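Please read the structure below before turning to the comments.
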């Protein structure tokens, strides 16, 4: 008995304790205790302060599973008055199981939009725990493929603090980690030779996000060349999907909400080359990766793993380089990229360029997607004076050329593929590139401060009394909602002021396919007295991005609280050649525009605008 106990391998916690004891407090060139402590404190701060509304909606909606398990999609549709539940049952079922403690203790939300801090943090805890579990799988994979203990632990740490992961899990607070966890679990079985478990794990991953199918196929055809084996493992992978889809296939709400969600619209970006019209580049690049994988015959397991990771990075480029995507989906790239970094002599370069990608992603997302609003769902909602931020991260970043931002991100994704090729992989499995630890630390801090600093300035502005006087700018950008300002017509808009100072007035602009060179006259008139309180000119040459908000009054204008003012925008551009402005509704131009000579009473809040000021 004693001999058996002596041979027993130490458990996870025992190994963790031993590893912690042997680690230095600080070592500039190696992973140390301060790295873990500082990163843990920062991630805890982000955990409690940031969350996105989708997390709240999905978590709240999952409670319907308890009473409407068989008609969940119908109940969800009716509860939200037509707002679809777009995911397969697995996402809601996972949260229904996780939310049992909330349900049993009386914390079930009263409505889909209930914004409960306790509930939000509980919803967020599940993906964060899975994120940590995934990092441990990364460590186990590293050990399996010969990284050695030291390098495998650094790889685990790098995954935990990797900028895209920090953004996805701690700032954006999304649940794409469900997919990633099962993909990495499948990869773990793959390197150990358990192909049935590999196939089933990727099948479960696909029930959360369909992208897992492409990663599964490229790994499968790299390893298996016999058609019958390809078929049997593909069938095994499809089983979890069939289990979720087939019982609901006759449900009209399931068809409308899930199957009718239009998943393929993200990849339907036709491209034309000479005679060939309507080429789908996602399909082209993905097919090329599959053919490349099928013809590649690895000599040993190390080469198999090396090529498998590279081809998965290549498949990520097919997905994110040539289709529309939501920013949190980038998390699916991270495990393959991190493993590639640690096998690669260009590892420092791959981490370095990630700084460019994450900053460009923050700026791009801050216009209308992920911005200072994430603070409204965390603990700061109890401290902030209100929910609307007069100062926005989009304005603080200042660089607003979306084409350049997209180009920068695309180039980084390309660099991941080109310099991630197996010919750059280090042959000594335990070797760690010099300076890699510092690159990992730097990228982590850049990803944190590039978001936290501007977000903090936005919160500070709220405490300084800066308020939103009007914001109806987050509307659908329909072509019918555009009106044109030219010599034949001017825009008149009534504004009732809720503060004593107007500091900025922005309007959503339509530029079309080319920039418009014009000079607009902008006036703000006291409707009661007719006094012009502001008059200025605005050059439209700076309006370079279609559908963006641009400032028409960018200086402080004293106003009286509660008073109604009239905003007038006029132009001397030839009829039909003026700048376009977005409106809230698709009413006819006769209702939205008026001739300068005959001004009529117009309904308020017609233009899509954002007006900020001071109390």
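The backbone N, Cα and C atoms fix where each Cβ goes, glycine too.
Segment annotation: TrEMBL labels transmembrane segment over residues 328-343 (candidates 328-343, 376-391).
TrEMBL assigns the feature transmembrane segment to one of the listed ranges (14-34, 350-370), namely 350-370.
Of the Cβ pairs linking the transmembrane segment (125-145) with the transmembrane segment (402-419) and spaced 6 or more residues apart, fewer than 3 are under 8 Å, so the two regions do not touch.
Contact check: the transmembrane segment (440-463) against the transmembrane segment (350-370) gives at least three Cβ pairs closer than 8 Å, residues 6 or more apart, which meets the contact criterion. Long-range contacts of the transmembrane segment (84-105) within its own chain (CB-CB distance under 8 A, at least 6 residues past either end) are made by residues 58-59, 61-66, 72-73, 76-77, 118-119, 122-123, 126, 175, 178, 204, 207-208, 240-241, 244-245, 248, 256-258, 261.
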